[in-house]
Structures are given as C-alpha cells and as structure tokens.
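Student: Pasting a structure below so you can have a look.
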Amino acid sequence: MSKKILIMAGGTGGHIFPALAIANELKNHSTHIQWLGSNVGIENEIVPKHNIKLHTVNSVGLRGKSVVSLIKALFLLSYATLQIMGIFLKFKPNIVLGMGGFTSGIGGLVACIFRIPLVIHEQNSISGTTNKILNKIAKKTFQAFDDTFIKSATTSGNPIAFSSVDKQTNNKKLNLLIIGGSLGSKPINDISTQLNININIWHQTGRLHFDAVKAQYKNNVVKVTEFIKDMANAYAWADVVLCRAGAMTVSELMLSATPSILIPLPHAIDNHQFYNAKILADSNAGILIEQKDLTIELLEKTLLNINKNQIKQMSTNALKLAKPNAAKQIVNYLLSFD
C-alpha cells in the first residue's frame, strides 16, 4: 500500500519550490502525495500542473495586527484549523512534511493532535516563526544551513530543481545575470538599467516590471525577460549574478557554483536575507552590498574589479557550500517511517 504523505507549503516560492523538488523525488517511490496550501499563494497556479491534489484554506496573518483585526484573524484561524482537521481526517496521511508558512503552522499542530509524525524543513538561515514553534514538536527537523536551530537538526541544504550546472566558458566580456525573483525587484531593476560598462547582461525583471525595464535599456544587446524557466541554463551562462538573497536563490548559487553580488531585501522578516547573504560573503563566494549603500558608482566599480581569477575562486567556494542531495535525504527519511 502506498505511503500517504501530506506536504504543507504555501504563500511564496521560497516555501513552494523546495517542497516541489521533494514531491518530484517522492514520485520515484510508491507514495500518495497531497498538498496543503493557502488560497492566495502561487501554489494554486503551480502545484496542480504537477498532478498533485491541492487543498487550500484561507490564509490568516497575525503579525502587526491591530486589536480588532487580531480578533477577526483569530476567528478565521479557528475556521482554518477546522478545515485542516477535515482534510487530515479524509486523507489520513501517514506522515506530514511542513515547509513553513501559515498552513504549515496550523497543519503541524493538527498533526500533533492526531499523533501523526511531523517533519519540518527550514529554508532560511534565520528560522521563520512557524518553524520555531513546530521545531519543538517535530519528529525531525531539517535545515538548509548550519546553526539555524538550537535543538539538534540535520543540515540537508535546500532541495533544488536541478542537480548540477555545466558552466559555459566565456573568454570575452563578463556575463552578468540579474534576477529579482518571480515578482522582480524594483530597486535592482532601476539601478541595473543605469549600468554603462562593457559587459553582457541578461536581466530577469519580474512580470510587473518588464515593459518599464525594457524601455530603459538603451543597449539593445541586453537580454530582458520576465521570468526564467530554466534557471540551470541561466546560471550556466552567468559569470556573476546580481540578486536578492532569498534562501532558494542562495542555495542555487551554491549548487551552480556561481559568484554573486547580493543585495538583501532590507525589510525581510527578521532580516533573514542579510544572514542568508552573509553565508556566501563570509566564505568569499559572494559580495554583500546592503541596499542603503547601493549606488551605480559602487555597482560599476564592483563589477569592473571582478577578474577571472576571482570568479574562479568564488565559484569554487560557492560549490563547497552546496548540498546537492537535499531532496533525496529528506525523502529517504520520510520513507523510513512504517
């Protein structure tokens, strides 16, 4: 009989894409997978395309609420909990995997109530609120980076869609890949279009910014795209990546052995992007520039100062940090339960 596994992940790509990598690895085994997410996250668009049954509940945020809004949120939270209990009773999972986010938090507590083994995975170097709570009750905690949790946890790395990258040889101009995630990053977009140095640029703008960014580039040689489906190919092309420091981006930089200039999102919860970026910077695998310090002069100077030897060394250092077997390691543990 197939093992029933409920994956809980929703809201942002940082939770969804590593969960999807695990789900795809689980498909290589005799398992029955279902997914619990929120009604507003991008999982609604992505998960069904992978032939995985998706359950959704109304997402409720609790941080930064006024008293009235908090009371309303608590009522909605109670309703969402009942919804999730119903999903558990119908599916009857043998084990539950929480990847962070609202539905993972409530689902993890419901798993505890029903005495179903709970496994969690934290993608960032600084744990989110949900996993800080669930870490106390989980049967097993996986973390992407060392020392995220005080309690004993296994460092697996982040599950990535690709396993390796064949870097292209570039003997001419520097290839700069600019990425800001699926939604793009306006500050990075704005400063990148001011670059006036002799390099090759591939700029992923995000859906909302494509037309504006395309219009700002005077050099038609620049490749501008809304979204990059094949990130392995993009990293293979790039000598250096200019990007934010989300957990998945940082892990992809490691696995693809790609040097980076990292501009952490300054308002990320618990400043986790700064600490993600610091892992690469401290290992001389990336260059960290805080957004408040970012100027076109500094960016151009940084790019012009990067030479081939530095690229080679940073690439080697990034790869040393990579955890290429994250999905398999987590799946092997999930399958170990009777």
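Using the three backbone atoms N, Cα and C, a Cβ is placed for every residue, glycine included.
What Swiss-Prot records for THR12, GLY13, GLY14, ASN124, SER182, ILE228, GLN273 is UDP-N-acetyl-alpha-D-glucosamine binding site.
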Student: Which residue, out of the binding-site residues GLY13, GLY14, shows the minimum number of other Cβ atoms inside 10 Å of its Cβ in this structure?
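Tutor: It is GLY13 that, of the binding-site residues GLY13, GLY14, has the fewest other Cβ atoms within 10 Å.
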Student: Are there residues of the same chain, six or more positions away from GLN273 (UDP-N-acetyl-alpha-D-glucosamine binding site), whose CB falls under 8 angstroms from its CB, and which are they?
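Tutor: Long-range Cβ contacts: ARG244, ALA245, GLY246, PRO264, LEU265.
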Student: Tally every other Cβ atom lying within 10 Å of the Cβ atom of ASN124 (UDP-N-acetyl-alpha-D-glucosamine binding site).
Tutor: 26
Student: Taking every protein chain shown into account, which of the binding-site residues THR12, ILE228 has the largest tally of Cβ atoms within 10 Å of its Cβ?
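Tutor: That would be THR12, with the highest Cβ count within 10 Å.
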Student: Does DSSP put ILE228 (UDP-N-acetyl-alpha-D-glucosamine binding site) in a helix, in a strand, or in coil?
Tutor: coil
